[in-house]
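Under the heading active site, TrEMBL lists 22, 49, 143. Residues or ranges marked as domain 'CheB-type methylesterase' in TrEMBL: 15-173.
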């Protein structure tokens, strides 16, 4: 009889999509999410740089109008479900804990931002290994760079928006 505990664990973790964006990201994110089917088989986690006093409710409303994924703010301790999009709340980092549940934290600013893209991407790489699909969209500066490196190092898939199509091409370069 084959010992399949390691296989079962990796299959259980399976896959996840993590997306990071900043300046100009609303239209790019809407275009991407609008192409996904309602029964998309993976959970999607999104970090978008927003000011600490913004709620992100406008973005959630816009994404929910697309009638694809069920979009909501991430909440610590909640399970990740397929066909759902979880948005980092304003002024909080979004991570994946060791138990594969969402972790929303008010940790230190990273890359001059909270939420920042790198913490989500790094935690996804550690939690899901080769099962991560990381997507980096339009934005200023370099948040997401070290996180994408972690995803690649752990065997995940890295996708960046074509800098020529990005409203702000710094991040996808």
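For all residues, glycine too, the Cβ spot is worked out from N, Cα and C.
Where TrEMBL records a feature, it is marked here on the structure.
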residue	record	Cβ neighbours (10 Å)
22	active site	25
49	active site	24
143	active site	26
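Between the C-alpha atoms of residue 22 (active site) and residue 49 (active site), the distance comes to 5 Å. In the three-state DSSP classification, residue 143 (active site) falls within coil.
Comparing residue 143 (active site) with residue 49 (active site), their Cα atoms are 10 Å apart once rounded. Annotation note: residue 49 (active site) sits in a coil segment as assigned by DSSP.
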